[in-house]
Amino acid sequence: MGSALPVKWDLPANGNDSRQFKGDRSPCGPSRVLHVRKVPIEVSEAELISLGVPFGRVTNLLMLKGKNQAFIEMASEEAAITMVNYYTTATPHVRNQPVYIQYSNHRELKTDNLPNQGRAQAALQAVNAVHSGNMAMGGSASGSDGALMPGQSPVLRIIVENLFYPVSLEVLHQIFSKFGTVLKIITFTKNNQFQALLQYAEPMNAHHAKVTLDGQNIYNACCTLRVEFSKLTSLNVKYNNDKSRDFTRLDLPSGDGQPTMDPGMTAAFGAPGIISSPYAGAAGFCPTIGFSQAGLSMHTMAGMGPLVSGRMTLHGMAPTAVHSVLLVSNLNPDSISPHELFILFGVYGDVHRVKILFNKKENALIQMADATQAQLAMSHLNGQRLHGKVIRVTVSKHQTVQLPREGQEDQGLTKDFSGSPLHRFKKPGSKNFQNIFPPSATLHLSNIPPSVTEDILKDLFSGPGYTVKAFKFFQKDRKMALIQLGSVEEAIQALIDLHNHDLGENHHLRVSFSKSTI
């Protein structure tokens, strides 16, 4: 946006749009300007700014109180993306009312010439001053301006002090997932303190989590988080149980039964199993996140809410267990089909159902086997190009994808793949769990019969118009090969087109993304 924001906005009053389908909105492309809907009229500037503080610096704010809407500008598009991804899975509440956040079609806010912006600017200065102060207190891990240092680790070391109430791996996952995709967690006791190592997908996620959570209480006046960067750059998790978890490896064993907490921890926690009781209403342990040093009149940090919600899941269950349905938007309606989405998303988990929306064919709902697979698919496929368009993948509010009623007109847009033989992860302990990689221009081919030569495979991929840049068979096993195409977008389409291609001799080609290059 090169000019000041227009005074008249072409937006629905009160932020309602009944034409949208059941709570899922088709977002604009990523922008550092975010549109907030259904904002309570009595809300303060500071409360709205605090929606963005956990994810990075807030650089501008415009409130449209008459329309119950607002615009928040973040310092970077990356911070805005992290914020939208989080609030898609956990609707923020301001003044006990839900608000809804999506990307704006504005690239920046120009509010210099607009009236009544003094309060917003004063609130911005106050919140950012506190935020910068928190960063400065973080020590040498970040620069004097709180910026991420080059080579910073994505691994955090967490110590929980004043441990008067149990803190489990699931609780840590719930809290730290607010700042990005958590890949691995290891919990342990050292020097009679409950500690954890937690690895994010990106160092920036770790940076934002450290800045915001260090010194915060999980519950009122107890369970204080001390967060610092670890010297480790990656964690090696051997078992998935109540002490350690690798969210990218569903096939890991649990070890010799579910290990119990060591005696020191049991004494601190009280009776085993207390973790599965709801925290809401437990005497003296109302969830909190103290932000009193900000000088803002908030008992909780607006938007983030309590560090731990009042409704806890059962012990051993991931807090996102219900979020296995994804909303995919900005699809090419003239080219996409349920089968294509099944094959592509099936690289990251077993797809049970796909529904391309009847009246908005650029949108689709995809039901994965579980929340972990949905998270993997979202983190790897959001922002990729498919049929010439950059697709957006977020978690849907729907818990299942409904099949059409008998006789209902559907045009074949809804498909049930729950019984498909093409599921890659249906066998427990399958090696496919260990070979999940982001989309890349190099594809891994397997199940190649002896009679199929390099030229045959090159012709197979170049026939539809793909550019074959390189090819090689595995030296030790000619059933497998690598093929490098002209771009990641070409490789995505080639995988969709040629996975399960019949090569003869009862061999169907298996195609996946490779971490290697040729």
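Heads up, the Cβ atoms here are built off N, Cα and C, so glycines get one too.
Note that this is a predicted model, so its numbers are computed, not measured.
Under the heading domain 'RRM', TrEMBL lists 32-106 (among others). As a whole-number mean, the pLDDT of the domain 'RRM' (32-106) in this prediction is 87.
According to TrEMBL, the domain 'RRM' annotation covers 156-232 (among others).
Sequence annotations record features per position, and here TrEMBL assigns domain 'RRM' to 324-398 (among others). Counted with DSSP, the domain 'RRM' (324-398) comes out as 19 helix, 24 strand, 32 coil.
The annotation domain 'RRM' is assigned in TrEMBL to 441-516 (among others).
Residues or ranges marked as region 'Disordered' in TrEMBL: 1-27.
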**Request:** Tally the residues of the domain 'RRM' (156-232) by DSSP class, grouping H, G and I as helix, E and B as strand, and everything else as coil.
**Result:** 22 helix, 34 strand, 21 coil
